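Taken from TrEMBL as is:
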DISULFID  Cys114-Cys137  disulfide bond
DISULFID  Cys256-Cys279  disulfide bond
DOMAIN    66-142  domain 'Kringle'
DOMAIN    208-284  domain 'Kringle'
Amino acid sequence: MVKCSVTPACVAAKFDPTNGDCEFHQVYNVHTPIMMVHENSSVVVVKSELHVDVLNGSWMKYGALDCYIGSSHDYTGTHSKTVSNRECQGWNTNYPHTVNEKPVNQDDHSTNYCRATSSDGLLWCYTTDNEYRWEYCPIIPCFACGVFESPPSELPNTTSAVSITNVVLVTFQCLSVTLGKSVEHCPVSSCGSDDQWSSMYNISCTSEDCYTKSTEYVGKVHCTVSGITCQHWNTDIYHQSNYRPTDPTDLASNYCRDPSSDGRPWCYTTHPDVRWEFCPVPRCTE
């Protein structure tokens with residue numbers, strides 16, 4: 001119990017007097033005093049302002065690999081892989097990428113753990129992949145957007161799924177489609193830095209809103225799987241376009257397309273740090 005109280009990464013310790021076992025819980029990151037509570041025949045130490053039942057309410061149960069309470073700069077966990085499961089490069093090494101930024105805490109410089117730096121509040125790292133200089137890490141606030149206490153409003157004729165990158169996302173998908181023309185839409189709601197779900201999401205459920213061949217997709221999804229708005233194909237405002245649709249109507253739009261024959265519709269994004277992403281466009285069912 002004493003060890004947990006002096007270990008920043010430990011949020012709870014459970015002791016079972018019958019078996020004499022002590023179990024530490026280190027998936028949270030809290031720098032606060034501890035308090036004692038009793039649970040049946042065992043004693044549970046939980047850090048202040050947390051309760052045993054709340055510990056089970058984290059996004060961890062929805063697939064987050066780690067989470068933090070408070071500021072991301074206080075995160076002391078040991079996760080060292082990015083949202084695409086790439087291994088993090090050590091902060092004190094310059095291979096394969098030159099390190100220009102380091103964590104605020106100097107003790108972290110000798111690690112390759114995901115950390116926030118002075119210029120960005122999100123957790124990230126340089127990667128060991130030559131093709132990817134850096135990426136965000138799949139670590140989010142433990143109780144972001146109420147952990148589904150107030151989920152995004154459901155859309156008719158849809159099912160929804162939760163996914164987690166460096167943010168929490170709810171993606172809607174049609175239960176059935178009808179003949180017709182697609183309308184402009186983004187079927188993704190994301191949990192923002194303001195701890196609120198984005199509200200500019202909608203869906204279209206026509207025969208144009210799925211694809212059999214990605215190069216022939218003509219639907220009107222205009223955001224990525226992360227909910228980022230797509231950049232227009234005929235501009236280079238955020239990112240230089242190496243690929244563009246050949247159809248003049250598509251070229252003037254920001255609808256997801258696959259001009260590079262990657263196998264899925266995608267787009268360049270309007271986020272300056274995310275060059276491109278695939279889009280939330282499903283394959284057509286038989």
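Any Cβ shown, glycine's included, is placed from N, Cα and C.
Curation does not apply to TrEMBL; its annotations are automatic.
Each residue of the domain 'Kringle' (66-142) gets a DSSP state, and the totals for helix, strand and coil are 8 helix, 24 strand, 45 coil. The average pLDDT for the domain 'Kringle' (66-142) in the predicted structure is 91.
Remark: Cys137 (disulfide bond) has His79, Lys81, Thr82, Val83, Cys88, Cys114, Leu123, Trp124, Cys125, Asn166 as non-local neighbours, by Cβ distance under 8 Å and separation of at least 6 in sequence.
Listed in sequence order, Tyr217, Gly219, Val221, His222, Thr224, Cys230, Pro265, Trp266, Cys267, Cys279, Val281 are the same-chain residues six or more apart from Cys256 (disulfide bond) with CB atoms under 8 A from its CB. Cβ-based neighbour count (10 Å, all protein chains) for Cys114 (disulfide bond) stands at 28. Shown for the domain 'Kringle' (208-284): DSSP residue counts in helix, strand and coil, namely 7 helix, 14 strand, 56 coil.
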